[in-house]
Amino acid sequence: MAQAVEEWYKQMPIITRSYLTAAIVTTIGCSLEIISPYNLYLNPRLVVKHYQFWRLVTNFLYFRKMDLDFLFHMFFLARYCKLLEENSFRGRTADFFYMLLFGATVLTGIVLIGGMIPYVSESFAKIIFLSNSLTFMMVYVWSKQNPFIHMSFLGLFTFTAAYLPWVLLGFSVLVGASAWVDLLGMIAGHAYYFLEDVYPKMTGRRPLRTPSFIRSLFADDPVVVARPANVRFAAPPVDEAR
């Protein structure tokens, strides 16, 4: 069993494995009171006035207390993050990282701007961790890129992947969770999908082209060329051999 889990973990692509590890370590550290969530949550005042810039990152790593909801989000993080990185972004690790960076930036911007709008500022002020929203964004992007895959929800009914975000949103409402968290993920996911897949087809321009400095951080995936079986290569001419 332990060996199977180890193999499953090692076979994960680099971004998925890194994010999943950071999320689990951070959440366990907070549960054991090794790390305080008060040092991780998104607080614009502390970021700007006290230069606590790490909060822009750490608020995406903490998934609250370790319960059924935590396991639920870890499953979706491991599954859909891996599916995107291995399929839609296969051989494009830098592009996948840029997608997550774009989503995190959009989510942070929405919360900061929403906190300044009357009547809704109180709702946005309660959103201090965006980890669930970023996970939901990945689910949304995957569903848009694989809309015709048939799925089943708890064995109760079947639907196509295009409706997966709405099914999960409805489930969150039924169990009493905040719909804002899922809606933010859907907004960020749709913004990426439109700018990356729809807008380029309409105009021929791609506004979300990955910057070269991000590409330089990731080595290109090696291309393996298989040698055909039962093929012998002739020895080089004598002159060339010398």
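Yeah, the Cβs are placed from backbone N, Cα and C, and that goes for glycine too.
Among the features that TrEMBL reports, transmembrane segment is placed at 19-41 (among others).
Look at TrEMBL and you will find 96-117 (among others) tagged as transmembrane segment. For the transmembrane segment (96-117), the residues of the chain that approach it from at least six positions outside its boundaries are 15, 19, 42, 44, 56, 60, 84-85, 89, 123-125, 127, 130, 133-134, 137-138, 141, 184-185, 187-189, 191-192, 196, 208, 210-211, 214, 217-218, judged by C-beta separation under 8 angstroms.
Marked as transmembrane segment by TrEMBL: 123-141 (among others).
Only residues 6 or more beyond the boundaries of the transmembrane segment (148-168), in the same chain, are considered here, and those with a CB under 8 A from a CB of the stretch are 136, 139-140, 142, 182, 185-186, 189. Among the features that TrEMBL reports, transmembrane segment is placed at 148-168 (among others).
Annotation comment: TrEMBL describes 174-195 (among others) as transmembrane segment.
If one looks beyond the transmembrane segment (123-141) by at least 6 residues along the same chain, the residues whose Cβ comes under 8 Å of a Cβ in the stretch are 23, 40-43, 59-64, 73, 76-77, 80-81, 84, 88, 99-100, 103-104, 107-108, 110-111, 114-115, 117, 164-165, 168, 178, 180-182, 184-186, 188-190, 192-193.
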